[in-house]
Amino acid sequence: MAAALAAASIVFKDNKAYSQKLVHGAKTLFKFSRDQRGRYSAGSSEAAIFYNSTSYWDEFVWGGAWMYYATGNSSYLQLATTPGLAKHAGAFWGGPDYGVFSWDNKLPGAQVLLSRLRLFLSPGYPYEEILRTFHNQTSIVMCSYLPIFTTFNRTKGGLIQLNHGRPQPLQYVVNAAFLATLYSDYLEAADTPGWYCGPNFYSTDVLREFAKTQIDYILGKNPQKMSYVVGFGNHYPKHVHHRGASIPKNKIKYNCKGGWKWRDTSKANPNTIDGAMVAGPDKHDGFRDVRSNYNYTEPTLAGNAGLVAALVALSGEKNIGIDKNTIFSAVPPMFPTPPPPPAPWKP
């Protein structure tokens, strides 16, 4: 939450009062998270069943990076670049979910975000060593997204299996498409035509191509010829697992369980939830448009956030490039300005 408020404060920086309010909220929340450490889903909470949090270390790297960009206060950068924190967040080991950006793993996003700092401001000592590590790790993650490497399988239709064949794949796919396009923009802006995967050099175009094929799949270029974004194209899910979309607007108030009869009906949703991306197909490109199976038809905020980010990143001409500086508006100069020359000497 602190990361979200901090990022928003940069977006709205021209509205000073509102921007400062956002920064204040972010600082307060971030302090709370440092003082009251623990996983929100610990114990036997409902959250643990649906949105379990594996750890909070990645959150501190992610939150710390955004707090630094929003405030320019170097104590946040010191925290985000603490090697112990990165280690606990999983920055130095593989594991099946390495490089998979999601609500439970902010590390890949944080590493891209901090690579931006190294590429454009190169802060040097004492941050350089860990920033170089993050930059290298980001390069490795980008390599893992390419079809040439076999880190992740693909379905016959070409969808990357970032969650290794488990259900609800699309939210991970859109996040990867976003990060890949963003990273290619960073490299372009730094006048770097590509990056190395082992001995081989790959052009930034390969990253955009990866993102494009994945988003095209989601928008209908798949074996089902199904658009997984509601309201887009001619053929999209009509039984979306969503209360507002499935309960008719008839001035009758239903209690919590009263909505279940609408969940369980085979009729199409009375309301079209335009723009919602559903959970997605299974590992064989199969899809069942049934409301009761949320593994196929559930839309999520996490998924739609990634979809919008990926679409924005891919839209427009490649040569427009990114705005290198606004994100660093609050960051003070990395190196102090040299003192003015002494006054001319008078005998």
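The backbone N, Cα and C atoms fix where each Cβ goes, glycine too.
In TrEMBL, annotation is done automatically, which means it is predicted and not curated.
Other Cβ atoms within 10 Å of the Cβ of H241 (active site) number 21 in total over all chains. The active site annotation in TrEMBL covers H241 (among others).
Sequence-distant contacts (6 or more apart, same chain, Cβ under 8 Å) of D289 (active site) comprise P237, K238, H239, Y296, T297. What TrEMBL records for D289 (among others) is active site.
Residues annotated as active site in TrEMBL: E298 (among others). E298 (active site) is surrounded by 19 other CB atoms, counting those within 10 A of its CB over all protein chains shown.
What TrEMBL records for 1-311 is domain 'Glycoside hydrolase family 9'.
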How far is it from E298 (active site) to H241 (active site), counting Cα to Cα, in Å? 5
